[in-house]
Amino acid sequence: MSSMISRNFFLFLSQNKFAKKKAMKWGPKLGAKQVIAGETIQEAMETVKKLNEYGLVCTVDHLGEFVYSREEATASANHCIKALEAMEGAGVDCNLSLKLTSLGLDVDRNLCRDNMVRILETAKKYNNFVRIDMEDYTHLEATLELLHELRQSYDNVGTAIQAYLYRSESDVRRLKGVNLRLIKGAYKESPEVAMQKQAEVDRNYLNMIKVHLLNGSYAAIATHDHRVIAEIKAFTIENGIPKDQFEFQMLYGFRTEMQKEIAREGYKMRIYVPFGEDWYGYYMRRLAERPQNVRFAIKGLLSK
Ligand code: FDA
């Protein structure tokens, strides 16, 4: 019950402009720097290099979402292109994650598509891959439509599917052959569209992963849940699914020992490395997911 209240509280804060303005001043003090790899692409590349040395591959995300002007959307796409160039220049094992609302999905869908095309052309030149994060339910249909359109010309693009949505199993079946990140889901959604009980979400999550793997499709299993990871390891062995048909993913700064252990076992382990100035929404969702994450904020406030 109390964790439900704190989840709702932090999800409310994640979209509250007044709280954002206040919190941005306190950034590092709130502990955000433990889960965000700095504000610049150079800082992010330093982090990625260190993670690569531990055998961990990465995906970087230039933080930003819910952009409302054409200029901001274009600037955000330019950041993505610079990030791809920086990865190539640094010779790191890393791909790109992004949010369509940061590229203008709510401003003008054609602009958003054009931004994606510019990013995918750059990624193609460097033989790299781009993952479209999944945002809240109001953006789901537009995201899947754009993905479908882009995949007519590009195969280096995939998205993420959230297990809390009732429709997701059928989306996973429809997206056979697409590189999908499979997740439980991080936003507050209504009971009309999303399961509200954790046990139900967990069941659907395992089911979705198994459906996609048995379909012969590539799955990025993005979770910190050791029970899911253990079950998927056993499932892939029992079903003869090769290690190069899937990868595990975790967020930068979470369960870092487990990340290294999974890589040592010979599994591909990808770390989601967020960077940039617009860290607020991302950080609030992390606090919402797990009340214990608040310790980052408390530690930060207590530090000098
Ligand atoms: P969950 O939070 O359900 O925890 C399950 C159990 O695991 C806990 O009860 C605890 O025992 C253990 N555990 C979890 N975290 C722990 C920790 N830090 N330390 C110790 N034990 C821990 N969401 C979205 O909507 N769209 C997206 O595009 C993405 N993208 C994305 C990428 C990546 C790489 C990750 C890892 C996650 C996302 N998410 C996301 C977020 C995702 O939807 C989900 O909200 C979080 O991952 C939390 O769910 P988990 O599956 O990690 O475990």
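Quick reminder: no glycine exception, Cβ is built from N, Cα and C everywhere.
The candidate list Met134, Met208, Met269 contains one residue that TrEMBL assigns to the FAD site with Gln162, Lys184, Gly185, Ala186, Thr223, His224, namely Met134. Of the listed binding-site residues, namely Gln162, Thr223, the sparsest CB environment within 10 A is found at Thr223. In the shown protein chains, 20 other C-beta atoms lie within 10 A of the C-beta of Ala186 (FAD binding site).
Reduced to three states, the DSSP call for Arg286 (substrate binding site) is helix. Checking the binding-site residues Lys99, Thr223, His224, Arg286 for a CB within less than 6 Å of any atom of ligand 1 leaves Thr223, His224, listed in sequence order.
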